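Participant: Just lifted these from Swiss-Prot, have a look:
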BINDING   GLY24, SER25, ASP26, TYR34, LYS220, ASN252, GLU276, GLU305, HIS355, ALA356, GLY357, GLU386  substrate binding site
ACT_SITE  LYS222  active site, proton donor/acceptor
BINDING   ASP250, GLU276, GLU305  Mg(2+) binding site
ACT_SITE  HIS355  active site
Amino acid sequence: MITGKITCLHITDVRFPTSLDQHGSDAMHTDPDYSAAYVVIETDAADGLKGHGLTFTLGKGTEVVVCAVRALSRHVIGKALEDIVNNFRDFYRQLTSDGQLRWIGPEKGAVQLATAAVLNAVWDLWAKKEKKPLWKLLVDMDPHQLVSCIDFRYITDALTEEEALKILQNGKQGQRDREEHMLTSGYPAYTTSCAWLGYSDEQLKKLCSDALKEGWTRFKVKVGADLKDDIRRCELIRDMIGPDNIMMLDANQRWDVQEAISWVKDLAKYKPLWIEEPTSPDDILGHATISKELSPVNIGVATGEQCHNRVMFKQFLQAKALQYLQIDSCRLGSVNENLSVLLMAKKFNVPVCPHAGGVGLCELVQHLILFDYICVSGSLDNRMCEYVDHLHEHFTYPVIINRAAYMPPKDPGYSTEMKEESVLQYQFPDGAVWKKLILEKKVEV
């Protein structure tokens with residue numbers, strides 16, 4: 001029995017000054033401060049367990065998401081956890097379909113980021129109650145229960161509830177072997193940490209060299225600011241990693257459609273597997289055009305980290321606008337909405353390669369991609385999960401990478417709990433770190 005009624009919801013603006021060292025920098029986001037709207041929910045249960053959740057931001061604007069979380073809290077406080085998880089679809093719709101709040105969405109923007117933070121905390125608490133890591137909670141669920149967590153509204157022309165159920169039932173075959181394979185070998189990862197756009201050549205060379213020694217074979221390179229510089233950097237990195245290792249490119253929405261096609265063709269000689277976010281994340285038809293034009297040079301299109309909701313993913317898939325689908329554990333409406341996208345990707349036979357470039361994203365998305373392999377896709381072909389080597393030390397249960405692979409978490413929960421001292425030090429603007437930076441005028445407020 002899942003005990004406890006939610007009695008309070010705490011929300012904190014937590015920011016890390018990553019812009020000072022250009023960590024996370026790309027063609028569009030030149031000075032990001034990796035940040036989170038961090039949620040903690042408490043119940044009246046005797047076990048004292050708490051649910052921890054977050055959504056990822058880049059600094060300024062986190063306060064907007066914090067306000068949105070507070071606006072959603074009235075749908076959460078006073079609810080029994082058992083009632084939520086036994087009617088999860090209804091609870092999800094309560095959060096996303098508030099008759100007034102949905103006007104500033106619906107299911108997109110700051111209000112959807114806030115929804116993810118709240119629901120991530122609920123899922124974390126549920127998994128802790130069941131004494132399982134989140135991925136194992138999902139793997140052990142009956143297909144009917146999994147389907148009951150999903151809101152199929154607006155996507156039944158691409159995936160019906162019956163089709164989703166059949167996919168999950170078929171996924172039971174070989175499930176135990178796949179789970180054992182993950183426990184032994186882990187889920188393949190690629191690194192983005194070597195080639196942020198703001199890094200010097202010396203940094204690139206050292207980081208690539210270190211990564212190769214650690215066993216990394218898949219590398220992502222940020223591009224899009226200057227073509228000549230991109231050519232130089234791609235040549236440097238291709239020379240460093242050799243002809244047999246995999247390179248991907250990421251433009252972070254920098255180009256118009258025709259510009260993207262021309263620019264990427266000029267980089268084709270470096271044999272990138274994909275170009276990520278070549279244009280506006282909302283331009284589905286633009287992505288489709290780019291996909292068609294780059295197909296002859298064997299470069300796929302990857303996108304999804306700023307895809308607002310399952311409806312957009314539906315359209316990307318229907319339009320054949322992406323070859324690699326990148327879910328995000330905090331952009332979509334938490335586990336619930338990600339489940340629907342994983343199932344659509346399976347139906348359309350498109351590999352899922354999650355986005356994880358942000359604080360806490362590696363910790364969260366590892367659970368989703370493990371579930372995808374074990375219960376949905378059943379395949380590792382053309383599949384990998386992003387890894388960035390930043391800020392894991394601030395989490396109670398940090399991600400574990402071994403031989404360039406995500407090793408399945410064993411601790412109960414969604415791996416979302418941050419260390420209390422980190423929250424105190426980095427809360428904005430009153431944490432000790434930020435007070436010092438503001439006093440020294442190293443940052444603008």
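Placement of Cβ uses the backbone N, Cα and C atoms for every residue, glycine included.
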Participant: Looking at Cβ-Cβ distances, which residues of the chain lie under 8 angstroms from ASP26 (substrate binding site) while being 6 or more apart from it?
Facilitator: TRP196, LEU197, LYS222, GLY224, ASP250, ASN252
Participant: May I have the list of same-chain residues other than ASP250, GLU276, GLU305 whose Cβ is within 8 Å of the Cβ centroid of the recorded Mg(2+) site, in sequence order?
Facilitator: LYS220, ALA251, ASN252, GLU277, ALA302, THR303, GLN326, HIS355, GLY357
Participant: Would you please pick out, from the binding-site residues GLU276, GLU305, the one with the fewest other Cβ atoms within 10 Å of its Cβ?
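Facilitator: With the binding-site residues GLU276, GLU305, fewest surrounding Cβ atoms within 10 Å: GLU305.
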Participant: What kind of secondary structure is LYS220 (substrate binding site) part of, going by DSSP in three states?
Facilitator: strand
Participant: Give the helix, strand or coil assignment DSSP yields for GLY357 (substrate binding site).
Facilitator: coil
Participant: Between GLY357 (substrate binding site) and GLU305 (Mg(2+) binding site), find the distance joining the two CA atoms and give it rounded to the nearest Å.
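Facilitator: Distance between the two Cα atoms comes out at 9 Å.
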Participant: Which whole-number value in Å describes the distance between the Cα atoms of GLU276 (substrate binding site) and GLU305 (Mg(2+) binding site)?
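Facilitator: Between the Cα atoms of GLU276 (substrate binding site) and GLU305 (Mg(2+) binding site), the distance comes to 10 Å.
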